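Record features, source TrEMBL:
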REGION    1-22  region 'Disordered'
REPEAT    318-351  repeat 'TPR'
REPEAT    352-385  repeat 'TPR'
REPEAT    518-551  repeat 'TPR'
REPEAT    552-585  repeat 'TPR'
REPEAT    586-619  repeat 'TPR'
REPEAT    620-653  repeat 'TPR'
REPEAT    654-687  repeat 'TPR'
TRANSMEM  31-54  transmembrane segment
Amino acid sequence: MAEPPSEPASSNAEKPQKSKKRRRISPLKKVLFSIVATVVFFGAMELMLAAFGVNPITYNEDPFVGFTSRSPLFEEVRTPDGTTVYATASKKLQWFNPQAFPAEKVKGDYRIFCVGGSTTYGRPYNDVTSFAGWLRTYLKAADPSHPWEVINVGGISYASYRVASLMEELVEYQPDLFIIYCGQNEFLERRTYSQLMATPSAVRETGALVARSRIYASVRTMLGRGGGAQSSSATNKLPEEVEAILDGSIGPDDYIRDEEQRTQTIEHFRFNLERMIEIARSVGARVVMVNPAANERNMSPFKNQHSEGLKPGEVARWQELMKQGATQQQSGEFEEALKSVDQAIAIDPHYAQAHFVRGEILYALKQYPEAKQAFQRAIDEDVCPLRILPEMQTVVKEVAAQFEVPLVDFQELVETKTETGITGEEWFLDHVHPTIDGYRELALSLLNELESQGIVKPQSQWNEESRKQIDEQVMASIDDQAHGTALRNLAKVLSWARKYEEAGRLSQLAASKLPEDAETLCMAAYDFERNGQLEQAKQTYEKALLLQPDYAHAHYNLGHVHRRLKEWDLAAKSFQRAIESDPNYPGAHYNLGLAYQELNQLDLAAECFETSISVNEKHPGSWEELGNVRLNQNKIEEAVEHLEKAIQLEPNLASAHNSLGIAFAKSGQMQKAAASFERALAISPQFEAAKQNLQRARNSLK
């Protein structure tokens, strides 16, 4: 029997087929997925490296500057009772206040480091009346619930890059909070950015972002470039401590206008502020920033420089307008003065002093908003920027906002406490350093900010009355002599910087605290002399000489006062006393000779000028006056010889050319005489005596 045929092996024809078509992912989604995966991966890596204590290289390095050496600010010291503290290293006391704090932080302690430059230090005084000192006192009284440590780490002349480097050490001391006050010293030290800044900005910004990652830090370490070592080819190497441009020069003269350097310095300043915040946060410390303030109204620019490309005629017209404006200002014609100065600024918009004068005129006209703009423009155009620039104050605000850091705006604080909104001597002793009240107000604002942050919880007894009691206690503890000395030293610095008006104000204040100090009295007397108060000047110099009879400088200056009063006998005696106290005192022999000339004691005058030449043979005035004496003695050949020597040393000495012409005329050399008078008039067109002498010479040649 035949078997039935078997079914085909496949019966697919009878079953419905299932679709095997896959869903395709769009290219955009693939890219997004890759980005998310990459971000998650690197984010996880960053978190893991953070857990292992790896920090970005910007915590330890500054690509702009490095330091040739670095030694700690604080060193361990064992006290007599056996405890160990960190104390300011003795070799650092030239720049820092003496400070100390326990090496082992007590439970409950809240440790605050106040960092910055000389304002943080408390200049011209010290820690006691600095904002750090006031804050320390206020905290202990307002919230005694736990111990407060406020450590003043303000370094004299310290710029932001030095402060950031210092914070690398400070984070090792278990900080809870950093208060940062920086921005006044950014232009003090020479440094260049040419190699770094030659890199395109987009590349620099990308590099900065990468440098903030822990992954990059790890890779760099594995490649053998870790440990904080910096390439000297890419980084400025600065000395361990500050060497300010001003310290090695004749004053602000070393500064020139350099817009590129200025831009790069401000960019570096921003970088340093950001780096300080990151360093603090690397150990969990909080940050409060202070926007620095500056004296706008009572401190003129330190250095002025004309715009490039001005023609001689434009400079001459500018000078004429500024002189005209000054005359109008002095006579109270402020509207006319403003017009003159505005015309000068139209010729040269970059001369800082012109904007400052404009501010003074507008202030006198009570146009305060416009005056403030002019004063700020003067700061902005200052070629020697020893005050924080308005643009840098904006940077401080931007960085604080970017990193969500609390900001105490000191500039705004003093503006609101000044009736006109223009900062000046009410709150500042000089260009940037506040008065004691200014430091105290800043400390109170910081205290309020710490309260708003929940860091400070004032007790119920803390009120206006208790605060005033503390103020009185602090002020009573101040050493007037030490403060007077500080004011005197500050006045000397300002005088060296040719800020004579500002120096004089401080000298008078110092003299009120140091009435028995001859040097201070001499400085105050000079302020009287400079302002034409000659009787007060004479009395004050005499008082200084009662305290220090051999004070050559006081004798010399008193001689000048007698000269201005035409008291020639007394002038001669004062210059003689100066020489007795110091035989080589600069200018004393010369000025004694001038006094003898007025007394018609020509032989004595000649001896003085000869001695002056022996002290300084390159002083043209001594050669000129010796020539004049010989001319009056009718010793014509000697007169010509000495006058020609004076002209050789100073070719544009119009008076010497005129005297030489007289000598030639006396010897009958009228052609030479006329040529000398013409030269004198070419140098000084308004020289009336030379005009008359030239006319006589020409008449004799007809």
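These residue numbers are counts, starting from 1, taken along the chain as shown.
The backbone N, Cα and C atoms fix where each Cβ goes, and this holds for glycine too.
All TrEMBL annotations are machine predictions without curation.
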Within the repeat 'TPR' (518-551), residues counted as helix, strand or coil by DSSP: 27 helix, 0 strand, 7 coil
Three-state composition of the repeat 'TPR' (654-687), taking helix and strand from DSSP: 27 helix, 0 strand, 7 coil
Secondary structure composition of the repeat 'TPR' (318-351) [DSSP: H/G/I, E/B, coil]: 27 helix, 0 strand, 7 coil
Beyond the flanks of the repeat 'TPR' (518-551) by at least 6 residues, Cβ under 8 Å: 484, 488, 491-492, 495, 500, 503-505, 507-508, 510-511, 557-558, 560-562, 564-565, 580-581
